[in-house]
Amino acid sequence: MLNLENKTYVIMGIANKRSIAFGVAKVLDQLGAKLVFTYRKERSRKELEKLLEQLNQPEAHLYQIDVQSDEEVINGFEQIGKDVGNIDGVYHSIAFANMEDLRGRFSETSREGFLLAQDISSYSLTIVAHEAKKLMPEGGSIVATTYLGGEFAVQNYNVMGVAKASLEANVKYLALDLGPDNIRVNAISASPIRTLSAKGVGGFNTILKEIEERAPLKRNVDQVEVGKTAAYLLSDLSSGVTGENIHVDSGFHAIK
């Protein structure tokens, strides 16, 4: 079994127990890693504190970081460095779009809504990578969560699909930029999972049913399966992998 006892990872984007990022946390925790968590609002901190009771972390390392604020990202990672020292990687699972920009016609997306989705869902990875790099002097790994809607036009995904396409390009350019620093940057394209964010996508149950019927594995995946792939990408087992987008979707991406 993979041993991550001497590794420290920052996990961003846990909203509740259904979050993909929490599935990642559970797997990394089982493998012995020290985990650091960020959250946006105070109510998220309270939820995180409850979830930590399910993990084996001896200490609660929780930091409030709103990725829309450069100052909070900069100060947050600086404080993480002071408290826990260097880190080995970051799991980024942050995305947001206004509900009306997911449910309406894509051509009616507002400028404000378009930029908001890009800012939170894509640009946040850029500034996070810049600050996390300072805590990875010997190299490390950054992994982001994406979805098939960034590669193909998916009904009702709208502005978030464009944001995910941006995120996936972001991953490639960060991989190129940070490669000389021995920092790898990859993405996991996860199958639709019943998370808080998924509630905003129209026809979500139809998508789940289609995957069960048409995907090679004839089933949907869960958060822990994404977590297992994240553990691989965050660990030295994937030392030669960067700029990659690995699909954890029962093979749905491979069929027409």
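Cβ atoms are placed via backbone N, Cα and C, with glycine included.
Taken straight from Swiss-Prot:
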- Y147: active site, proton acceptor (ACT_SITE)
- Y157: active site, proton acceptor (ACT_SITE)
- G13, 19-20, 40-44, 66-67, I94, K164, 193-197: NADP(+) binding site (BINDING)
- A97: substrate binding site (BINDING)
- R40: site 'Critical for cofactor specificity' (SITE)
- K41: site 'Critical for cofactor specificity' (SITE)
- N205: site 'Involved in acyl-ACP binding' (SITE)
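Structure coloured by features recorded in Swiss-Prot.
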{"residue": "G13", "record": "NADP(+) binding site", "Cβ within 10 Å": "25"}
{"residue": "R40", "record": "NADP(+) binding site", "Cβ within 10 Å": "20"}
{"residue": "K41", "record": "site 'Critical for cofactor specificity'", "Cβ within 10 Å": "10"}
{"residue": "R43", "record": "NADP(+) binding site", "Cβ within 10 Å": "10"}
{"residue": "V67", "record": "NADP(+) binding site", "Cβ within 10 Å": "23"}
{"residue": "A97", "record": "substrate binding site", "Cβ within 10 Å": "25"}
{"residue": "Y147", "record": "active site, proton acceptor", "Cβ within 10 Å": "27"}
{"residue": "Y157", "record": "active site, proton acceptor", "Cβ within 10 Å": "25"}
{"residue": "I193", "record": "NADP(+) binding site", "Cβ within 10 Å": "22"}
{"residue": "N205", "record": "site 'Involved in acyl-ACP binding'", "Cβ within 10 Å": "11"}
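Cα of K41 (site 'Critical for cofactor specificity') to Cα of G13 (NADP(+) binding site): a span of 11 Å. When the recorded positions G13, R43, A97, Y157 are ranked by how far their Cα is from the Cα of Y147 (active site, proton acceptor), Y157 comes first.
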